[in-house]
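Here the structure comes first, spelled out in structure tokens, and everything after it is commentary.
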Amino acid sequence: MVRIQRRKLLASCLCVTATVFLLVTLQVMVELGKFERKEFKSSSLQDGHTKMEEAPTHLNSFLKKEGLTFNRKRKWELDSYPIMLWWSPLTGETGRLGQCGADACFFTINRTYLHHHMTKAFLFYGTDFNIDSLPLPRKAHHDWAVFHEESPKNNYKLFHKPVITLFNYTATFSRHSHLPLTTQYLESIEVLKSLRYLVPLQSKNKLRKRLAPLVYVQSDCDPPSDRDSYVRELMTYIEVDSYGECLRNKDLPQQLKNPASMDADGFYRIIAQYKFILAFENAVCDDYITEKFWRPLKLGVVPVYYGSPSITDWLPSNKSAILVSEFSHPRELASYIRRLDSDDRLYEAYVEWKLKGEISNQRLLTALRERKWGVQDVNQDNYIDAFECMVCTKVWANIRLQEKGLPPKRWEAEDTHLSCPEPTVFAFSPLRTPPLSSLREMWISSFEQSKKEAQALRWLVDRNQNFSSQEFWGLVFKD
């Protein structure tokens, strides 16, 4: 009987808590809605747009967390909640009161809150960051934060100091950012140790009668890393099975040709049969490490890696991948792979860590243990939630400093938060290397122009006035 009464009491408390939270959230929405309607009529956005933009669809797979339990001890007032305005309509949320630990912030994509006195931070999605409309003039209490987990080729302007230092807070693939996303494609240590897809070496040796030692799967051809040129040259020295649109010489089953099938069990089973995989990133940047590296490690295939110069900091063990950068020419790389292919003892040295389930890299272990978000884990926040809460928490910290009469802490991004060298192209044999295509040429010229764009944008933002695209491009091509 006592247990039943306790359960009833607990249920009653939960109902009361939920009711209070719903009422508070509703009141916030009503009050902000009044402001929104007022601003909708008299908005002075620089581009003249007052209509809310649609959210992009490429991140729809990330589930947003709902508003969490409201702290009833804090006296509710509309002015109690800093507004975090997504200037890029990434989340698609017109308004949500989100709890971040002991703090709460109002998150929205609605630009009519630009002039609200409680708007404290503007959140940008790196790929969508452009000069068409920026929240200018920028007030002293307006923080800017950028979230950029995608390829550098999507927006080169961000990779130059004049632009990246416009932001107060960053979430990027760099370990140096305020919220590092370096391991964004790695679910957990357990998936690295898993033997689920591992094909025994004896079986792989038998499969070699019909399979090449190397496999290559890419459909994004001629990216800034110029990987296709390298692989094309490599193919003249060793057999490579290429399944993607780039350099294709082998076909996947029809049901696996869709790019969405790259994480399908059937695709994994095919790739796991190979001894080696060419894991080439589409761009060369410190800490830019994608599924191209982690996938083969999960499947028990040795990655032949080209991409992040800092990849050795993230290897599960010292001998878990073959690094292209250690070979002066594809011919030498091919010779080394043939040697491993013919010597089981040498090959097994690269998968020993997986067979034993031993990961010796403490940096990797620490990064996964301490990151504040999860990958495909319903029990953890995703990295967008973590980014929002990072900004919310830092904004609140400064509010509390000011309440004590102290100056707020000034946060600023550094150029190390996104670091990529200028793209280069491979040039091996003049007879086999194709002439520079328009796409291959584009990455180099685009990077060069982005330097001028970054300088022009910085000058205009520092001027702190609205500007037109004509004014921007006039500065870019001034010389």
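These residue numbers are counts, starting from 1, taken along the chain as shown.
Including glycine, each Cβ sits where the backbone N, Cα and C put it.
Bear in mind that the values here come from a model prediction, so they are computed numbers and not experimental data.
Features reported for this protein in Swiss-Prot:
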type	residues	note
DISULFID	Cys389-Cys392	disulfide bond
CARBOHYD	Asn110	N-linked glycosylation site
CARBOHYD	Asn168	N-linked glycosylation site
TOPO_DOM	1-8	topological domain 'Cytoplasmic'
TOPO_DOM	32-479	topological domain 'Lumenal'
TRANSMEM	9-31	transmembrane segment
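Everything Swiss-Prot records as a feature, shown here on the structure.
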residue : record                      : DSSP class
Asn110  : N-linked glycosylation site : coil
Asn168  : N-linked glycosylation site : coil
Cys389  : disulfide bond              : helix
Cβ atoms near Asn168 (N-linked glycosylation site) (within 10 Å, other residues, all chains): 21
For Asn110 (N-linked glycosylation site), the number of other Cβ atoms found within 10 Å of its own Cβ: 22
Predicted model, mean pLDDT over the topological domain 'Lumenal' (32-479): 88
Rounded distance in angstrom between the Cα atoms of Cys392 (disulfide bond) and Asn168 (N-linked glycosylation site): 12
Distance from Cys389 (disulfide bond) back to Asn168 (N-linked glycosylation site), taken between C-alpha atoms, in Å: 14
Proximal but sequence-remote residues of the same chain as Cys389 (disulfide bond) (Cβ under 8 Å, at least 6 apart): Gly98, Cys100, Gly101, Lys372, Asp381
Number of other Cβ atoms within 10 Å of the Cβ of Cys392 (disulfide bond) across all protein chains: 24
